[in-house]
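Student: Structure in structure tokens, see below.
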Amino acid sequence: MSSPGIDGDPKPSCLPRNGLVKLPGQPNGLGAASITKGTPAAKNRPCQPPPPPTLPPPSLATPLSRVALAGGPCPPASGPASGPVPGPPVERPPLATDEKILNGLFWYFSACEKCILAQVCKAWRRVLYQPKFWAGLTPVLHAKELYNVLPGGEKEFVNLQGFAARGFEGFCLVGVSDLDICEFIDNYSLSKKGVKAMSLKRSTITDAGLEVMLEQMQGVVRLELSGCNDFTEAGLWSSLSARITSLSVSDCINVADDAIAAISQLLPNLAELSLQAYHVTDTALAYFTARQGHSTHTLRLLSCWEITNHGVVNVVHSLPNLTSLSLSGCSKVTDDGVELVAENLRKLRSLDLSWCPRITDMALEYVACDLHRLEELVLDRCVRITDTGLSYLSTMSSLRSLYLRWCCQVQDFGLKHLLAMRSLRLLSLAGCPLLTTTGLSGLVQLQELEELELTNCPGATPELFKYFSQHLPRCLVIE
């Protein structure tokens, strides 16, 4: 039996059946619901109608008629409105295509992942192809990737419009010829002025191709030539432009002393020079003059086997403003050469003496006494360095990065000296065979350490790595 409800409407029945209680339909249109017999809401509870909905007071909302409560259309309001009439709802794009959200989201993906995500839809591609997402990245294009093979067997140069849309300012071309470079210049819309850095690796570029490239691509200020054996020193004389500020030449068999003469005379604004050439001698370094002394701040002489202390003399007198110097692999440089560096290049912040087998602890004493601004020191494979040398380095309050890979005479006692270097952020001890677990465990005192490399260290045990994870939680330990 039913009883009258609100405003005389009949109240629906509420009868238990098979342990279920059927609730009356709600005016919100959600339909009936049921509660199982075992739930606290229905157990030992009399069958009651749902409580009437609580409505806001008249001062906060306009009263609704029975027609409105029943879901029917509202009649037009009579009298003055109690508040401003809301406008139509603002339509927002779906979250998956909301550019504001996507602009923040895509920062969390790597370059490779961005390339894949750009294929999802046009909206994602439009957002991802903004140059800000690709700043600092350099596309690497191999010769075979520059052409599409047509059905007839002919080759067609690929469309580079996608690279132009992303605003790439540098490219690395691998295995290309003079013709490939000309095609690249003709087909990339930003090649004339927009490209600032070019790298050619293992390519057959000739003197003529190098000259055409630098003449056509007027924006290039950073140039790298690696493994290019078909250009000669004459090509450097005919093509190098004064606008170039960074030059790297490595594994190019025709590069010798005369190439340095061309570089020193044609590049007055050169700020960074990296040279890896087995045939360069001390004579080449004599070509540097005070003209480069004002602009050049970085010099890397990599595996220049013929350079001796005499060449170092020319460097320190001609380039007094160097802040970064690498003599890596210059195997004829001795402690006397390092003394010249320490006494004359007081602005150095980075010094690389790796693979210099004649360097001893005495060289480290010169470094510690005179290079008070030094922040990075690389001593990999300096096999004559001992604990005594590390005791000299422990006085350097500015040193932040120290590399001692494969320094086979360093022992636990030397590590104790390093524990006083609170400024250290990066320490590499990879391949040091005499370090024990006990000696390495003391490194937990360097609480500011951010990176510790211990690959190929016999004393680096799983238990030690667990110990580091507990006591150096902010440090990346490379096993």
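Placement of Cβ uses the backbone N, Cα and C atoms for every residue, glycine included.
So Swiss-Prot lists these for the protein:
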COMPBIAS  47-60  compositional bias 'Pro residues'
COMPBIAS  73-92  compositional bias 'Pro residues'
DOMAIN    94-139  domain 'F-box'
MOD_RES   ARG92  omega-N-methylarginine
REGION    1-94  region 'Disordered'
REPEAT    244-266  repeat 'LRR 1'
REPEAT    267-290  repeat 'LRR 2'
REPEAT    319-343  repeat 'LRR 3'
REPEAT    345-369  repeat 'LRR 4'
REPEAT    371-395  repeat 'LRR 5'
REPEAT    396-420  repeat 'LRR 6'
REPEAT    446-470  repeat 'LRR 7'
Student: Which residue counts does DSSP yield for the repeat 'LRR 3' (319-343) in the helix, strand and coil classes, in that order?
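Tutor: Final tally across the stretch: 9 helix, 3 strand, 13 coil.
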Student: How many of the residues that make up the repeat 'LRR 5' (371-395) does DSSP mark as helix, as strand and as coil?
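Tutor: So the repeat 'LRR 5' (371-395) is made up of 7 helix, 3 strand, 15 coil.
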Student: To what whole number does the mean pLDDT across the repeat 'LRR 4' (345-369) round?
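Tutor: In the predicted model, the repeat 'LRR 4' (345-369) has a mean pLDDT of 98.
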Student: At a C-beta cut-off of under 8 Å, are there same-chain residues at least 6 beyond the repeat 'LRR 4' (345-369) that contact it? List them, or none.
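Tutor: Distant Cβ neighbours of the repeat 'LRR 4' (345-369) are 300, 303, 316, 319-335, 338-339, 375-386, 388-390, 392-393, 395-396, 403, 405.
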Student: Taking residues 6+ outside the repeat 'LRR 6' (396-420), which of them lie with a CB under 8 Å of any CB in it?
Tutor: 354, 367-368, 371-387, 389-390, 426-436, 438-440, 442-443, 445-446, 453
Student: What are the DSSP helix, strand and coil residue counts for the repeat 'LRR 7' (446-470)?
Tutor: 9 helix, 3 strand, 13 coil
